[in-house]
Amino acid sequence: MTTKYIFVTGGVVSSLGKGIAAASLAAILEARGLDVTIMKLDPYINVDPGTMSPTQHGEVFVTEDGAETDLDLGHYERFIRTKMTRRNNFTTGRIYADVLRKERRGDYLGATIQVIPHITNAIKERVIAGAEGHQVAIVEVGGTVGDIESLPFLEAIRQLAAEVGRNNAMFMHLTLVPYLAAAGEVKTKPTQHSVKELLSIGIQPDVLICRSDRAIPAVERAKIALFCNVPERAVISMKDVDSIYKIPALLKSQNLDSYFTERFGLECKEADLAEWEQVIYEEANPTAEVTIGMVGKYVSLPDAYKSVNEALKHGGLKTRLSVNIKYIDSQDIETRGAELLEGLDAILVPGGFGERGVEGKIQAAQYARENKIPYLGICLGMQVAMIEFARNVAGMEGAHSSEFKKDCAYPVVGLITEWVDDEGNIETRTEKSDLGGTMRLGSQLCHLVEGSKVRQMYGSPTIYERHRHRYEVNNKLLPQIEAAGLKVTGLSADKKLVEIIEIPDHPWFVAAQFHPEFTSTPRDGHALFAGFVKAAGEYQKRNLK
């Protein structure tokens, strides 16, 4: 089987939505029965985004096999059924690290190491490896054409297209077509210059995706086709829409999928987008709206919680409720008090690192517990719920996490020094371990306690969920905490690590050490988020009565 490659680039400005466009195209091709995967090539020099600031880069998406990757991989998994792995995302830093490691070993036999051919060859090898076994591989190159950082990647995909043959490779370029109100028309010149820049690198785009706040008139599309040397049918108008899940239908309505399959000579059925039509219908026809407060420390950039945001929306789709997310900085709770939490139908405390804002999160957990408001804690959100309960219910004054206070009286949360991974291997860590790539990462087995809320929601005695943490509940202090009324309802594969806690005498108080948001999709939703949003709706109804 010969893999067909679609290389996706962007021009004029950043943040045009290359990831969404790539994922939407993949969704249509998948609906035609093709086996599709998507890769993201990131031009920054960090080895991976694992230690990057969420307020600069957005969330870190964790794959099943434990890779810390770009948030675009979350979009990919939400749009197609193929699961992403560490092969689906790599950076300039990763490539250079690998090449330099080989150079130190002497693998290059004393050759002078250069961007061409050594770096570009390494990029091509990774792209080919990531595409292996799939009929179509969509490869998104991060950054904007013209940036110095992305040049090695652009050169690599130019070479790869030539090597596999142009009947097996196509280039899709996203550009901005701005509307000038003063002139009353859209302007095509930025697109022309962007394509000119791409041509100077040796790449002729086969398809142009023109981003605008409105549909681009046929006459302007014809003009773009003429000046940029592409067929008119390959100039696609991608206007702003109120839901990203409408993009597959928007692209299909312009026969983008057919253009690719015809060029590649692929014989496949017509795309059936019934599942996406159902998603759009559910999104457009909620029965009510609930307001969920997200108490975090990275709320200045909502993309820091991208998968959580989407998972809440998916929970709303499955319960026919519109979810209004109210972002609350946990530091504001520390300074202004818990009145910031008034009027909410539910409270969610997501993951995070570092001491800043932790006391505000603890106050949020306390407010939810005392006022019987539905609460979902994720990762650190579970740990702060544990600390709050230990302090205020179990009588453990001064309880804290050793991450924030090493000499606290009751370290109810501590560093995981040893655990068994899903393959039965023993992993060990110390406080001196590097920060990057040393956490408990990836999909792990979890045993659910019979009779618990989570067992009822999942409908299964065991589940697999993805993790990203290096601190865990201290089992030595569990008996005193459980005696006070909190229950552990989920345990790790070896039943030594706490994965889920619940408060049985609370209408809905659930917290998990794992990250359920990474496995939520618009078509299937997720049991925890559907249960949480449903609980928010029930709380709202009780209050209205």
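Here the Cβ of each residue, glycine as well, is placed from N, Cα and C on the backbone.
What Swiss-Prot records for 1-266 is region 'Amidoligase domain', and it gives sequence analysis as the kind of evidence.
Of all the Cβ atoms in the protein chains shown, 18 others lie within 10 Å of the Cβ of LYS223 (UTP binding site). Feature annotation from Swiss-Prot assigns UTP binding site to SER14, LYS187, THR188, LYS189, PRO190, THR191, GLN192, LYS223.
Residues within less than 8 Å, Cβ to Cβ, of PRO190 (UTP binding site) and separated from it by at least 6 positions along the same chain comprise GLY11, VAL12, THR175, LEU176, VAL177, PRO178. For SER14, ASP147, ILE148, GLU149, LYS187, THR188, LYS189, PRO190, THR191, GLN192, LYS223, the entry in Swiss-Prot reads CTP binding site.
Sequence-distant contacts (6 or more apart, same chain, Cβ under 8 Å) of SER15 (ATP binding site) do not exist in this structure. SER15 (ATP binding site) falls within neither a helix nor a strand when secondary structure is assigned with DSSP, and so counts as coil. The ATP binding site annotation in Swiss-Prot covers SER15, LEU16, GLY17, LYS18, GLY19, ILE20, ASP72, LYS239, ASP240, VAL241, and the record cites sequence analysis as its basis.
Sequence-distant neighbours of GLU140 (Mg(2+) binding site): residues of the same chain at least 6 apart with a C-beta under 8 Å from its C-beta are VAL8, LYS18, GLY19, ALA22, ILE38, MET39, LYS40, LEU41, ASP72. Among the features that Swiss-Prot reports, Mg(2+) binding site is placed at ASP72, GLU140.
Annotation comment: Swiss-Prot describes 291-542 as domain 'Glutamine amidotransferase type-1', evidence class sequence analysis.
The number of other Cβ atoms within 10 Å of the Cβ belonging to GLY352 (L-glutamine binding site), over all protein chains shown, comes to 23. Annotation comment: Swiss-Prot describes GLY352, LEU380, GLY381, MET382, GLN383, GLU403, ARG470 as L-glutamine binding site, evidence class sequence analysis.
If you look up Swiss-Prot, you'll see CYS379 marked as active site, nucleophile, on the strength of sequence analysis. Sequence-distant neighbours of CYS379 (active site, nucleophile) (same chain, 6+ apart, CB under 8 A from its CB) are PRO350, GLY351, GLY352, ARG468, HIS469, ALA512, GLN513, PHE514, HIS515.
DSSP assigns HIS515 (active site) to coil in the three-state reduction, placing it in neither a helix nor a strand. Sequence annotations record features per position, and here Swiss-Prot assigns active site to HIS515 (among others).
The active site annotation in Swiss-Prot covers GLU517 (among others). The Cβ of GLU517 (active site) lies under 8 Å from the Cβ of SER307, VAL308, GLU310, ALA311, PRO350, ILE378, HIS526, PHE529, each of which sits 6+ residues away along the same chain.
Mapped onto three states, the DSSP output places ASP240 (ATP binding site) in coil. For the binding-site residues listed here (SER14, THR191, GLN192, GLN383), the lowest count of other CB atoms within 10 A around the CB belongs to SER14. Spread of the ATP binding residues is 20 Å (greatest Cα-Cα distance among SER15, LEU16, GLY17, LYS18, GLY19, ILE20, ASP72, LYS239, ASP240, VAL241). Most Cβ neighbours within 10 Å, among the binding-site residues ASP72, ASP240, GLU403: ASP72 holds that distinction in the structure as shown. Considering only the binding-site residues ILE148, THR188, LYS189, THR191, LYS223, the residue whose Cα is spatially closest to the Cα of ARG470 (L-glutamine binding site) is ILE148. The recorded positions LYS187, LYS189, ARG470, HIS515 differ in how many other CB atoms lie within 10 Å of their CB, and the one with the most is HIS515.
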